[in-house]
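These come from TrEMBL:
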type: DOMAIN; residues: B:867-1076; note: domain 'Peptidase M1 membrane alanine aminopeptidase'
type: TRANSMEM; residues: B:17-38; note: transmembrane segment
type: TRANSMEM; residues: B:50-75; note: transmembrane segment
type: TRANSMEM; residues: B:96-121; note: transmembrane segment
type: TRANSMEM; residues: B:141-164; note: transmembrane segment
type: TRANSMEM; residues: B:171-190; note: transmembrane segment
type: TRANSMEM; residues: B:249-268; note: transmembrane segment
type: TRANSMEM; residues: B:324-345; note: transmembrane segment
type: TRANSMEM; residues: B:365-382; note: transmembrane segment
type: TRANSMEM; residues: B:447-468; note: transmembrane segment
type: TRANSMEM; residues: B:480-507; note: transmembrane segment
type: TRANSMEM; residues: B:527-550; note: transmembrane segment
type: TRANSMEM; residues: B:571-593; note: transmembrane segment
Amino acid sequence: MNELIINNINKTYANGVKALDDVSVTITNGMFGLLGPNGAGKSTLMRTIAALQEPDEGSISFNGNDVIKDPSAIRRQLGYLPQEFGVYPKISAYRLLDHLAILKGILDNRERKEQIEALLQQTNLYQDRKKVVSTFSGGMRQRFGIAQALLGDPQLIIVDEPTAGLDPEERNRFHNLLSEIGENIIVLLSTHIVEDVRDLCTRMAIMSEGGLVLEGEPRQLIKDLRGKIWEKAISKDALEAHKAAYTVISTRLFAGETQIHVLSDDDPGQGFQTHEPGLEDVYFSILFDQQSVNC
Amino acid sequence: MLAKLIKFEWRYHTGKVLFFVGAGAFLFFGFMASAAGIRIPNIYMNSSYMISHITGLISLGSTFVITIFCANAMLKDNEHKMTGIIYATPVSKFQFLFSRFSGTFLASMAVFSFTTLGIFLSSFAPWLQAEKVGPINLLFYVWPLMVIALPNMLFCGSLVFLIATLTKNRIAVYLGGLFIYVLYIVGSIFSNSPLMAQSLPATAEAISMAAKLDPFGIAAYFEQTRYWTVLEKNTQLIALKGNLLINRLIWTLFSITILVISYKLFSFRSSERFRSKKKEIKKEPLEALKKYIPVSTFPNRVLAQWKALLSLTRMEIQTITKSLSFLVIILLWIFLIGSETLAGIDGGARISPSYPLTGDIISDIIEVISFFGVAVIIFYSSEQIWRNRTLQIDEIEDATPASNVSFFISKYIALITVPGILLFTSIVIGILIQLSKGYFNLDLPLYLSLFYYSGMPFLLIAALALFIQSLIPNKYLGMAITGIVVLITGSVIGGLFGIRHIMLRYAAHFSFVEYSGMNGFGQYAKAFHWIMIYWGALGMLFGLLTYGLWKRGKENGFMQRLKLLTLQLGTLGKVLAVICVLVFISSGSLIYFNTNVLSEYETNESRNDWSQAYEEKYKQYTDLPQPTVTLLRADVDLFPEKCSYQVRGYYILKNKHDQPVKKVLMGLSKEANLEHAEMIGAKRIESDEEFGHYWFEFQQPLQPNEEIKMHFEFTSSWNPFKGHARFNAIVENGSFIRMSRYFPNFGYNQDNELSNPDIRRERGLPEIDEGIALLKRTDSTKDAYDYIDYEVTVSTSEDQIAVTSGNLIKKWKENNRNYFHYKMDRLIPFRFAFSSAAYAMEKTTHKGIDLEIYYHPEHAYNVQRFLNSAKKSIDYLISQFGPYQYKHLRFVEVSAFTSGFAATSYPNTIYILENRGFVTDLRDANEPDILQQLTAHEMAHQWWPGQVDPEIMEGRQMLVETLAQYAEIMIYEKTYDKSLANKAMNVELDLYLRDRSFEKEPPLYRVDFNPAVAYSKGMKVVYAIQDLIGEDKMNQALRNLIARHAYPKPPPNSYDFLDALYEVSSQEHHQLIDDWLKKIMLYDLKVISANYEQMADGQYKVDMKVMTKKHEEDGLGIEKHVKIDEEFEIGIFTVKPKQAQDAKGVLYLKKHHFNNDTTELSVIVNEKPVSAGIDPYVIMIDKDRMDNVIAVEERNE
Ligand SMILES: Nc1ncnc2c1ncn2[C@@H]1O[C@H](COP(=O)(O)OP(=O)(O)OP(=O)(O)O)[C@@H](O)[C@H]1O
Ligand SMILES: [Mg+2]
């Protein structure tokens, strides 16, 4: 059983942005989803765990090894996909994967070849394996990134927005691949796509402004919200009035009308209908809480 | 709108650090180039000439500024992915481009004008002497900026602008800038530009061509000013006229055209058309899906680290070599090294080419690559450190378990691969050039040694560059700092800051070693090994630190990395660091011991201090009567392998004064160590080791004409860490030692004085105007020749032959050493040298003279030609000047570890530098034969001054060098033809006109050491006198001079030569002889117009209008018109002017008399004339010799 323990880590960038605010969390085998708005600090947290940058304070340990003091320990067991990455120019996908596999320490040539080919097939890049990676489309490149993160025998996989830019089919393929391997190791993924978390993750957390504001099992979190979400379709002009009167956690345009979700323990009446909560509502309600705390 | 946009661009440039760094740098360059750069005597450092010169040279450097600015301005949107946004704004294409370009141009101009400010400020430098600074004239500063720098900036700017618009690629723009620069340098080499400081001036045609074509206008500037006198250089502004005007117009128009083209080609859409097409890869049928299975990894194993290192290295090298920039760099390099090497071999159009010796080629490579290689390393070191971050692959790689060691080493290896490839390419080019010249003696081991002698410093510089890049958080700043550090510690620039000691010059870069075909790298190789160990230890330490501070991941500040340094280094790293420090200190101590302890370390300052102290202490003894050496016997033991020699011997000294000599002041050069000195009948009463002076006092004063004996013993050696004196080159093979300079001498030694008048003034020493005695009529009948009886035994190592003046009367072997006993059968001046090498020898006899040639066996190409040239020379010299005084005549090759002459003539022995004559490629019969010239000149010295040794006073050089030059050109003309002789004389004319104004010019008969006058003008003028009075009479005069002044008769001076000339020539010629020898006369002869008509009898009548002007100059260039009254040749030719000047197609050639500035004349010839000229073969000193012959037009009424 792998165990990643994060204790009270803080990080303030040189420009004064507090990107991590006293984050503590313990993660064990399984898929762990990280949700949060842009700039919440997800990528910062992931880079910190991957020992690519040091926190100002706090500690991180992976299977008992101190990540900050001895980064090499975690690197040996890590698969990492950054949110943005580039590649060497004029190098084919296969060559680059081979190179990274060697860096990861796969010594056996045949094993390495087998695994690379498997990964290329699993990410549907096999036919493009001789193509130069820098000419890949955004989605293809993203899949390449996923493939390289899985090289070797990682015990901890950190993938920062792995599904960004994937078409629905490829996203599906990715989900299947991850869920297969995610049982025995830790997979930490950040995303803006709530369904990714709902479909894949056994546990999740929501980040906002550098802090972890919620952590739990997606199913349980949804269950906790049951009966508290109310829905109503209103005209655009009425939005302000509703916002003033109710705790509107989200608004969405649907077929030309504005649909609002309201958080309320009781039926607010006024044409509101009860709504079966989804993970999205969990996300919005918690962010709404967070914002009102700050205001 | 436009104004606003330009202002915005201006702010953009001036707001960057680069702007200030650039401005500072140009301020510095301008200041230094002016305050500490070249000085020309009598020319103000703030004269228009000097300011224009410096502005022009530094404006080459503006290429870099405008390139960087242009890249910034044109590509900032692209690189910040802003194009989409910017291009969608309503700014029009014209506004956009115009503002970008003007912003760039204005900012670059602003940066560059700091050069002018620097030059301006330099005239206030406190260490300058008031005499060097003329009146300040602001126009002198602004004018060159406008005329030279501004169009140059426009030129560079337009080209890089075009590249930027076309490619939208930063590297392409940089390479474009570099390309302009390299192209320029290469162009200069081929056009024989004055910029390249060629020893020979280009032909007038080439200069005029270069003046038009040189995009930087520097050639035009040189063309306009090349014959300026001191006065003009001080007061005259360069004028926008002639070729300079044409040049500036051509290139400004060119620049504007380029700008218009850029405008037309520019498109707001991103340029796809310059990208290469991508290869289509065909789809393969999908195989059965393989299942993903985790594979165990062993990143900690050594094998894994090793494989990671290999893979990383391969990736790094591939990334470098597959890039376009690398390809372009290699092409540039091939271009540069190829043209340098070819130029080195061809030697320009005016002298003979050399065989493409491997040694010469590698010397070229070492020299050229030192700068280029460093520039490339600096560029790639920043790439190495920043590339992965720019590519954004760093996070992926940094998250793998590969160790920092692998990352660091792979980057380092890839970095040093680049100079490695450059060296390899140079070798291939070198070999190809050799093969193409039909030369097959390829010396592969020597080629490979390049990787050590040139490559090793690159390894060290690469380590330093990576280290600096890893410390400095900004790529460009890092490049700038590395560049500055390398330049200051490595190049001559460091000398300005006092960084000269080898222990301060990191990597000993920029040519520490020298190579000679005879001697190889010599003893310097040994010092080089030690110095490489010393700097290698430091370089390794840089490597360890770079590794220890390796930046992995993001956001890890320097302080953070510093904290982790020791942890990162680990025990092994720390142990290695300690070892490095220990090696550094111990090898450093060894070097220090050699440079500073074994003998005193000398700086320019300390040397000057010494000279001053010497003068102050001993000047008082200048006139102290001293005895003279009349006989010398010595045993000279040369130890080439130890770079040392030992001399034991005695003098017979004679008191040649009228009064008794009581005290003797013996002196010894600093190069020699006195072991023993004993004077019979005298006691050593004082020793001054500091100045090498020893006082002896006679118990009984030495009476007039009395003789005594003096024994002495001294040694001399040198140490490769400090270098050797060029005239005391006792080396492993090919030693040459002007040993008479190191033998004990007597009295005050004027050679020790400071001679530079500026330094003397600075130090408050009295001016020495009597550097040489003034010319005066003397009627010395006494024995003024201090000749000696010379007999020596010289020994050298077993495989070598030692040569000195005298007849070889015996040779033998003893104790594994070769001994040679030389004895002169007549008295010789106190002037002798020794050489020693593993020689091959060839001999023959001609007119009773034994001709011997001692040569390096590998340089056997021209041995027979040497002997033939010698025979030709002997024929002329004996028949014209009288018999040769010795039995033997030896030519002896010596290694290029000696320098300062091409050949040097001693009694019956002529020493010739290995790279002169011996390796000249004379296979092409149409090329000038410098071998014949050199041989004739040196052999003539056996007569002048070998037989007639003039008084040491003004004009001596005329009787020594000018007469040798005269004999040289006469023999050359007899051996070949007028055409080649004319070409040789034209070279001399150009040399004279080019070099004469660099100091106050004396008339020929008072010339001291001034090659422009003594050699170049001398040859022309004496040839002209010969042409005037006839060769017979000329040589009669010379024979008379020998008859009256040869030893032991009293020595002559210039007046005696003049008298000899007057005596043989008719009265009417005396005025011209005086004009040419006693004055500075210049002619301006030209054909103004010439046409012809056919007459009734079928003959042709040519009507010419000619200008014949003559003026006299004082030594500083003030001119005085002189009325003409003399004859010049008028020639009519059947060939075009250029061939006519080559002495072809003569229809008519006769002297006409002229006494007006312009004259019209008619000549009748039989054939149809093509060209006509006055003084067609340029016998006179004519500032413009191209207009002497022009084409003849048919007259049409
Ligand atoms: N290198 C940096 N220097 C300064 N500030 C940074 C740096 N990297 C991130 N930040 C700031 O830290 C905060 C957190 O950034 P981070 O990239 O971790 O957010 P994120 O949750 O991954 O956002 P997104 O969903 O947009 O990827 C942001 O405000 C960002 O501006
Ligand atoms: Mg992010």
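Cβ from N, Cα, C; glycine included.
Contact count against the transmembrane segment (B:447-468) (Cβ pairs under 8 Å) is highest for B:480-507, out of B:17-38, B:141-164, B:480-507. Long-range contacts of the transmembrane segment (B:571-593) within its own chain (CB-CB distance under 8 A, at least 6 residues past either end) are made by residues 502-503, 530-531, 533-534, 536-538, 540-541, 544, 547-548, 721. For the transmembrane segment (B:527-550), same-chain residues at least 6 beyond its ends with a Cβ under 8 Å from one of its own Cβ atoms are 404-405, 407-408, 412, 453, 456-457, 459-460, 463-464, 466-467, 470-471, 502-503, 506-508, 512-513, 521, 558, 561-562, 565-566, 568-569, 573, 576-577, 580-581, 583-584, 587-588, 590-591, 594, 719-721. By number of Cβ pairs under 8 Å, the transmembrane segment (B:50-75) is matched best by B:141-164 from the list B:96-121, B:141-164, B:324-345, B:365-382. Beyond the transmembrane segment (B:365-382), the same-chain residues lying 6 or more positions past its ends with a Cβ under 8 Å from any Cβ of the stretch are 320, 329, 333, 336-337, 340-341, 415, 418-419, 422-423, 426-427, 430, 450, 453-454, 457-458, 461-462, 465-466, 468-469, 475-476, 478-479, 482-483, 486, 490, 509-511, 513, 515.
Residues 171-172, 174-175, 178-179, 182, 185-186, 189-190, 353-356, 360-361, 364-365, 368-369, 372, 376, 418, 421-422, 425-426, 429-430, 433, 437, 921 of the same chain lie 6+ residues outside the transmembrane segment (B:324-345) yet bring a C-beta within less than 8 angstroms of a C-beta in it. Residues 48, 51-52, 55-56, 59-60, 62-63, 66-67, 70-71, 74-75, 101, 104-105, 108-109, 112-113, 115-116, 119-120, 172-173, 176-177, 180, 215-218, 221, 237-238, 240, 244, 248, 251-252, 254-256, 258-259, 261-262, 265 of the same chain lie 6+ residues outside the transmembrane segment (B:141-164) yet bring a C-beta within less than 8 angstroms of a C-beta in it.
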